[in-house]
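For reference, the structure is listed below as structure tokens.
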Amino acid sequence: LIARFLQSGPCKKSAQVLVEELEEHQLIPRRLDWQGKEHRRSFEDLVAVNAHIPPDYLLRICERLGPLLDKEIPQSVLGVQTLLGVGRQSLLRAAKDFRHTLWKGSAFAALHRGRPPELPVNYGKPPNVVNIISARQLTGCGRFSHLFPTSTYQHMKMHKRILGHLSSVYCIAFDRSGRRIFTGSDDCLVKIWATDDGRLLSTLRGHSAEISDMAVNYENTLLAAGSCDKVVRVWCLRTCAPVAVLQGHSASITSIQFSPARKGTTRYLTSTGADGTICFWQWHANTMKFKDRPVKFAERSRPGVQISCSSFSSGGMFIATGSTDHVIRIYYLGSESPEKMAELESHTDKVVAVQFCNNGDSLRFVSGSRDGTARIWHYQQQDWKSVVLDMATKMTGNNVASGEDKVTKLKVTMVAWDRHDATVITAVNNFLLKVWNSSTGQLLHSLSGHDDEVFVLEAHPFDPRIVLSAGHDGNIFVWDIDKGTKIRNYFNMIEGQGHGAVFDCKFSPDGQHFACTDSHGHLLLFGFGCNKYYEKIPDQMFFHTDYRPLIRDANNYVLDEQTQQAPHLMPPPFLVDVDGNPHPTRFQRLVPGRENCKDEQLIPQLGYVANGDGEVVEQVIGQQTNDQDESILDGMIRELQREQDLRLINEGETLPNPPLNRSHSVNGGLRSPGLDVTSPPNVGLRRSGQIEGVRQMHHNAPRSQMATERDLMAWSRRVVVNELPPGISKVQEECRAAKGEIEINLYTVEKKRKPSHTLQRNDYQPGSGRSLRRNQRKRQHAYQTRSTIEHSQQGASQNARAREESDSSSEEDETVGTSDASMDDPVAAWQSESSSSDSSSEYSDWTADAGINLQPPKRQTRQAARKICSSSEDENMKGTKGLEPKRRKLKQPRKKKPSGLLSMEGEPSEEWLAPQWILDTIPRRSPFVPQMGDEVIYFRQGHEAYVRAVRKAKIYSINMQKQPWNKMELREQEFVKTVGIKYEVGPPTLCCLKLAFLDPITGKMTGESFSIKYHDMPDVIDFLVLHQFYNEAKERNWQIGDRFRSIIDDAWWFGTVESQQPFQAEYP
């Protein structure tokens, strides 16, 4: 085997020597004849006899040895394949080699660099806690991993599953103290729960569509919720009173975040929407008042673009957003107002997740995309660079999960950092979790166990070893990412309904609990210890007022429709189940404000009610159909309020006003004469086909008294969520402020460093984003964005001017990219016929497929800078010295020329103002306003008509020799792509386009291009039509007699097709 292997490789002489020695020493097995006699044979004879043995047979044997042995005795370091291993990596290892050596107690008392030594990864069972505590007593210090081994998390169990919503619950959050849980559901409700015992404390009503995201501010005083109703609502956590209704989006809210940054008393809340905008809402930390108008950035590069995710840095100075147009945008909050800092365009599909690292010592964040990659971005040398994490990477030596082969296109569904930012965890649509080294991008572990896509990744708040994952398969896993092992698994099986997909999970700040929500409206509470406190609450918890209708004012604030009261001022509601049946008295006392009520005051009478159709239905008696009848449930509530007032008086507290006249008490359960009431035989049973009773309760809900000043006084003393203690709040605020200063310092230092000009081709593939604060290098991609900022960006321009001096040397050294993909003089029309002072920059944001110049413009310095030109023009330019005097001579007469730029009042004259077709912010089909990358049909007839109209009106001079049909062969229509845009300041203001030819069959650029300039003129039709509109028009077959309508100058015109004939004979 060795000789055959050597013969097939480079060591042929060695193989020859080996064969000779084998034959010389007669080491080749002898052959036997039919008489049993032995005979010598040659090496060639042996090869001929064993023709089934290939030359690489020995190599195949060696490759299979390791995996076969791993099945019996796994090696200590998975994925390492070697024949030369020793100890637990040796091919001669035995089971006895894997006996764990237990440390003696003295070993834990040793110190290595001032700390106890770290246990080996495969130490085995956790060390004895007696040894750990004794060692800590001797040394004065201990490792968290010693005191709290990962096996401790096996003792976390589910304490309670509570049904609290009638629809899926996609949002969950803890408050900053960990004592309260907030859930936001598709039933439009936000509910507040107690962490310690699972009580339902309050319901926040107001949204009219599904809750999409929630956030708690860092002071623990506000809760913000975004919804598909395009509104962000903010509530005071102390009283549940509405603080603000923020209406700045024209589509669903996709994410909301409170900024950790502290600027005196100024704070920011950000919201992103499906309308492609991000809003920065400013509010005052002391008064909790929000400004009416946000700082708003519209980032819709094309119709349908959405901002899908966002994440603040730990210091709050930066926020990153991911969009469906594949772009990551970064905003900076360190200046006077938020400003956009960069756009990163390395992903080639939708960006579905972004997450900044937890520590402020580095500007890093991770992004996940549907293109099958995640990128770890870091700011360095004026640019955002990235380490690429390819989801197709597999662990060496591990068996591939079956789901990995079934998925054709890998997509990232969620990303997360561990608590110390050493690793990044990504969830992939092949149901695997992958753990990566955040510095090198190396794949460390591939975690399998889920059977469906994972959309929840939650890192432990302080233990860097622990990560929680949950998915649509109903599984909740607790992972040890250091070892790459599963610690605990929970399956959300709902009796009689199958499993419930888990939509969100969060750890409490102290790490003692975590809570989950599912597709069936449940809240799942997990934690250490026993669940005796949770046994005291029912499995279904609703308030009878949860689904009452609301009325809205002009500002979208709400009142309860039947009581005309704000929801937070209504008396304590009754606790009911999903069928609308009140719970027993022991459960009613769980409602805040009902702790000390008498039993007869806690439960309304139940009975059967005969409706108009003769059908008998179960109802709370208080739900009457006659508006003039007295509500029994309503009377109970008023009686409860009266007793609370009496208790306040007995305690010596004064009430501001006497109570209003109230109706008589309803003790004993007075019934209305208009209702036929009988005792219900089966309270709580719901008939087949009946909807949830709690949702029906709003049809005839009882009316409560209007809130008096006494009511307001009583409710103002209610505290639903406590503020953080002042000491803790101050420390946390100072910590956030310090992180913010570190981020500003890091950004300032890196902003002053020279950018590197060479794009390194290494395994890490550092990507370069399009920074709005610096020049961009050439890079390829397949799209482009353009943002409209609805806020003055004075800070951005000041920073750009301040940085010009530090960047001047590096900018002047850069070479301008050129294009030689066109004809002899492809950019004659592209170059402005007037001087450069009248035209905008030649820089086009589009990163073309090949050969198109994308270099940003040079800064206009005192040295003459060449304009971007093609290679053919470079050959004709003998030198810049000869051109400099000409440029100066052209510019100086311009300065002396009397300008009509300003009118008598000092305002710009009308002819110099930008035309309306450029200023439009609403998309229109006509006139055509180009965007980079547009694929359009160019009509030569229309262009010629435009030129004739310009010359006839003498609007501006046109050189006919430079028109494209005089320089090249043009058909009546050409399929082209916009690869360059610039504007010439007027009058008139002209749009200059560089159009590259596209192959009609393949859609790829052919390498030729031409340039045109145009502006919108009345009575001149567009000669550039988007390709999709052209295709739609081609499919319509107009016939004589057909009626049509057309929009001209924003008005509809109707007509009838009278005849069909070519407009020009030469273009039939």
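Please read every residue number as a count from 1 along the shown chain.
Just so you know, glycine gets a Cβ as well, placed from its N, Cα and C.
Per TrEMBL, these features apply:
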type     : residues : note
COMPBIAS : 771-781  : compositional bias 'Basic residues'
COMPBIAS : 782-800  : compositional bias 'Polar residues'
COMPBIAS : 832-845  : compositional bias 'Low complexity'
COMPBIAS : 875-885  : compositional bias 'Basic and acidic residues'
COMPBIAS : 886-898  : compositional bias 'Basic residues'
DOMAIN   : 1-70     : domain 'BRWD/PHIP N-terminal'
DOMAIN   : 926-1068 : domain 'BRWD/PHIP ancillary-like'
REGION   : 652-683  : region 'Disordered'
REGION   : 753-907  : region 'Disordered'
REPEAT   : 162-203  : repeat 'WD'
REPEAT   : 204-245  : repeat 'WD'
REPEAT   : 246-282  : repeat 'WD'
REPEAT   : 344-377  : repeat 'WD'
REPEAT   : 447-489  : repeat 'WD'
Composition by DSSP (helix, strand, coil) of residues within the repeat 'WD' (344-377): 0 helix, 18 strand, 16 coil
Local confidence of the prediction over the repeat 'WD' (246-282), expressed as mean pLDDT: 93
Summary of DSSP states over the repeat 'WD' (447-489), given as helix, strand and coil counts: 0 helix, 24 strand, 19 coil
For the repeat 'WD' (204-245), sequence-distant contacts whose Cβ falls under 8 Å of one of its Cβ atoms, 6 or more beyond its ends: 167, 170-177, 180, 182, 184-186, 188-192, 251-258, 260, 267, 269, 271, 273, 281, 283, 285, 288-290, 546, 548, 550, 555-558, 566-568, 715-716, 718-724, 729, 732-733, 736
Intrachain residues whose Cβ lies under 8 Å of the repeat 'WD' (344-377), provided they are six or more past its termini: 308-315, 318, 320-324, 326-330, 384-392, 409-417, 419-421, 424, 426, 436, 438, 441, 459, 738-740, 742-743, 746-747, 750, 767-770, 779, 781-785, 847
DSSP helix/strand/coil residue counts for the repeat 'WD' (162-203): 0 helix, 23 strand, 19 coil
Distant-in-sequence neighbours of the repeat 'WD' (447-489), which means Cβ under 8 A and at least six residues beyond its ends: 121-122, 144-145, 148, 150-151, 153-154, 156, 358, 401, 403, 413-420, 422-423, 425, 427, 429, 431-435, 499-511, 514, 516, 518-519, 524, 526
The repeat 'WD' (246-282) - residue tally per DSSP class, helix then strand then coil: 0 helix, 22 strand, 15 coil
Per-state residue totals over the repeat 'WD' (204-245) - DSSP helix, strand, coil: 0 helix, 22 strand, 20 coil
